[in-house]
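Noted in TrEMBL for the protein shown:
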- GLY165, ARG166, SER167, VAL233: NADP(+) binding site (BINDING)
- 6-120: domain 'Tetrahydrofolate dehydrogenase/cyclohydrolase catalytic' (DOMAIN)
- 139-288: domain 'Tetrahydrofolate dehydrogenase/cyclohydrolase NAD(P)-binding' (DOMAIN)
Amino acid sequence: MSAIVIDGKAVAEEVKADVAKKVEGLKSRGIVPCLAVILVGENPASVSYVTGKRKALAAAGMADKSVLLPETATEQQVLDLIHELNEDSSVHGILVQLPLPKHIDEKKVTNAISPEKDVDGFHPVNVGKLLSGEKGFLPCTPHGIAVLLKKAGVATDGANTVVIGRSNIVGKPMALLLLRREYNATVTVCHTGTKNLAEYTKKADILIVASGHPHTVTADMVKSGAAVIDVGVNRIPDSSKKSGFRLIGDVDYDSVKEVAGYITPVPGGVGPMTIAMLIYNTLEAAENISLAEGK
Ligand code: NAP
């Protein structure tokens, strides 16, 4: 039997509609949640992600103070801009679209964002809070996946969960989040040093794949009935498309959907949730800041 396809687009619409309603409430108190996205250069994938984020901001009724800098912008210019936005009380969230051009130190830039405005959840203060179980901003992609699992009715409590990938933005925070008591999963993290990947994946009730390579997971690596979450976004040439490419994930979708119990498509699975959770975090930032200011 074919897997249930988890509709990330529909769940993301639900989350965004809920956020938009809360934005109305804040606006009636004179607070307009505002995000500043900083994009340096014109990397096509980054431009497309930033466009998507800004569209979602507008749809949620939020203000947009995004800044587009040329590829030649210096590290100091980016840091100065972040300091300015940190001080700007009308801005509640700041996000720097990664990757940055090679001459700019990503860590330095990420660490310059005020933790209270770090809606990506990449600042060490928020990473530390995730690790210690304190309330802080959760990274959007792992948080979106946790919401998707819940909405799809996939039980995480005691579930054998395998995460493929240990990046700071997906794999590691995903593992930490599902380890929390509220999710209570048993989590294994695999990476390129893992010997016999299939041995692990075949035992997974929940398999989260963030390897960055198409076809990392094939049907023979998946337990029957497992929930397979495909985080991957890979552009592959396709002359039948106007753009000249199409997007595929890290999972061999066509074969895996015949074995899995649940599966997320690419596009239309995890991607829309990442944007929805960014909007959610921006709302949270505006609520926190206005509360701290006694509004
Ligand atoms: P990344 O930084 O390249 O990390 C990939 C991870 O996968 C690394 O830890 C790597 O191991 C591991 N890996 C690679 N090939 C493997 C294999 N054959 N077996 C086991 N482990 C393997 O990538 P990322 O930033 O986490 O992103 C992962 C994917 O998700 C990409 O396709 C990216 O485009 C996508 N993504 C999507 C969204 C979204 O919103 N949909 C958001 C973020 C990322 P090592 O550590 O040993 O190198």
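A Cβ is built for glycine as well, from the same backbone N, Cα and C atoms used for every other residue.
Using DSSP to sort the residues of the domain 'Tetrahydrofolate dehydrogenase/cyclohydrolase NAD(P)-binding' (139-288) gives these counts of helix, strand and coil: 53 helix, 30 strand, 67 coil. Taking a C-beta cut-off of under 8 angstroms and a sequence separation of 6 or more, VAL233 (NADP(+) binding site) has the following same-chain neighbours: ALA45, LEU247, GLY249, VAL266, PRO267, GLY271. Residues GLY165, ARG166, SER167, VAL233, recorded as binding NADP(+), reach a greatest CA to CA spacing of 16 Å. All protein chains considered, the CB of ARG166 (NADP(+) binding site) has 17 other CB atoms within 10 Å.
Most buried of the binding-site residues GLY165, SER167, judged by other Cβ atoms within 10 Å, is GLY165.
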